[in-house]
Amino acid sequence: MWNDTDYPFYNSDFSFGSNDSLFGYTDGFWVNNSWYEFPNLGAGPPVWIWLTESVETGNVTLNKTVIQLCGFPAFCSEKAYNACANTPLCACAECSKTGAGFFVFFVVLLGLACVFGNVLVMAVLKKLGLLQSFNKMKFSLAVADFLTGVQLLVVSIYNFSWTMNVSSSELQRRQIELTGTPEATVGGIFLLLTFTCSLYHLVYMRAQRLYAIRWPLSYRMQSDFHVYVGLAMVWGLALVSSTMPAWFPGSIIYTYQHTIFLFYVSNTNKPHTGSYTGLVVLMVVFFVIPYLAMLFTTMATMVTVRGNIKKSKQLSHRSSDKKSKQELDHSKREIKIFVVVGLMQLGFTITIIPVILVNILFYENALNCNNISLPFMICFYLGMTNSLVNVIIYSFRDKTFNKATKKLFAVSSCCKQQKKETYSTVSHTSGKTASTTV
C-alpha cells in the first residue's frame, strides 16, 4: 500500500484526495500536478484497487484511503509488494528468477514462431501467386499475425526488462505515471489491433466463403479490386475499433498492465459511481456482434454446402457430362476451404475463451487481486498463440501450401549448393591460373 512511511518517493508532488491529504474520502490522486481518478472494472482485472483503512489517532478514528496494485508479476509472491519496496524485483528474494527466465523463454519462442511462421506463409503465398482471392486474404491475415510476433518480441520483452529492474514502489509510481500517456495509448492501440484484425479477417473470410458457395458465378467474376477494398475495410475497421477507447476518456483509458507486461485498456470511472455503459457498448459493437456475425455466416454456409452437395449428387446421377463433374469438383474445393476457415475460427475461439473465463471468474469474486496474476498472464498469452495456430492449420490442411513450402525450401537449399559449387569452381580456377602464371 502507498503511504508516507512505507515508500520513500511520497512527497508533495504525489498526494491523494482533496486538500492533498491521505485522510478522509478521496476521489483520486495527484501525480506531477495531474489528477487521476481511481479506476473501475475494465476489460481485464483492474490495474489497481483503492482501499480504506481505519487509523486511530488518540481518541479519533480516521479513514485512510490508499491504493494498491491489483496483482503482481506472476513469478513474484504477494509478499514482494512490501518486501521489494526498495529492492529491484530481479534482486528480490520474493521473486523467482527461474519463473522469470521461463517467461522470457516462452515469450521469445512464441514471438519468433509467430514472426518466422507468418513470414514463411507470406513467402509461400507470394510464390503460389496472389491470383486467388483466398490467397490474398490469407496473406493479409499473415501480416496481422506477424504483428503479434512483433508485439511479443519488442513490447513485451522491453516492458518486462524495465519492470524487473525497478522496486515495487517504483513500479507502482510508474504505473500511475504511464496511465493515459501517449506511450500507453499507442501501445494499447497496437495490442488491440492485433486482436481485432484477426477477428475481422475471419469474419471477412467466412463471409467470402458463403459468397463463393451461395453465388459461385458471381464470386468468380469478383475483381481483385473488390477483394482489396474488402481487406482495406477490415484493416480500417480494426484500427478504428482499437482507437475507440480514446474516444471515451471519461470512462475508458489506456494504461500499463503490469501482470502481462503490455499496454491494455481499463475503465477510469470511480468504483462507487462507475458506469459500464461505454465499455459494454464498445465490447458489443466491435467484438460481440462481429463474432456472432461470423457464427451466423458459418451456419448459413453449412446449410448452403449441404444443399449444394445434394444437388451435385443428383446431377451426377442424371448426367455424366464434363460440366457436372466440374461443378462437383468445384464444390469439393470450396468445402475444403470452408473446413480450413472453420478450423481457423475454432482455433481463434479456443485461444480466446480462457481470457474471457478468467475475467468472469474475477468479477464473480472467484479470483481476486491476490491470485489473479498467474491465471490472467497464462490465459492472455495463450490467446496470443492464435497467431501461430493459423500457420499450423495451413501446414496440416492445405496440400498445395505444403507442396509450395517444400519447393521453396528445396529451391533455397539448391541455390545455396550452387553458390558453394560456383565459389569452389572459381577458387579452383583462380588457383590454376595463378600456378600457370608462376
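Cβ coordinates come from backbone N, Cα and C, glycine included.
Feature annotation from TrEMBL assigns transmembrane segment to 100-125 (among others). Distant neighbours of the transmembrane segment (100-125): 73-75, 90, 135, 138-139, 142-143, 145-146, 148-153, 156-157, 160, 164, 377, 381, 384-385, 387-388, 390-391, 394, 401, 404-405, 408; these residues of the same chain sit at least 6 beyond its ends, with a Cβ under 8 Å from one of its Cβ atoms.
The domain 'G-protein coupled receptors family 1 profile' annotation in TrEMBL covers 117-394.
Positions annotated as transmembrane segment by TrEMBL: 146-164 (among others).
Under the heading transmembrane segment, TrEMBL lists 184-204 (among others).
According to TrEMBL, the transmembrane segment annotation covers 225-248 (among others).
Non-local neighbours of the transmembrane segment (279-305) in the same chain are 42-43, 196, 199-200, 202-203, 206-207, 209-210, 213-214, 241, 244-245, 248, 251-252, 267, 331, 334-335, 338, 342, 345; each lies 6+ residues outside the stretch with a CB under 8 Å from one of its CB atoms. Sequence annotations record features per position, and here TrEMBL assigns transmembrane segment to 279-305 (among others).
Positions annotated as transmembrane segment by TrEMBL: 337-362 (among others).
Look at TrEMBL and you will find 374-396 (among others) tagged as transmembrane segment. With a cut-off of 8 Å between Cβ atoms, the residues of this chain six or more beyond the transmembrane segment (374-396) that come close are 44-45, 71, 74, 103, 106-107, 110, 113-114, 117-118, 120-121, 138, 141-142, 144-146, 148-149, 151-152, 194-195, 198, 259-260, 262, 340, 343-344, 347-348, 351-352, 354-355, 357-358, 361-362, 367, 402, 405.
Among residues of the same chain six or more beyond the transmembrane segment (337-362), those with a C-beta under 8 A of the stretch's C-beta atoms are 43-45, 134, 198-199, 202, 205-206, 209, 212-213, 294, 298, 301, 305, 368, 372, 375-376, 378-380, 382-386, 389-390, 393-394, 397-398.
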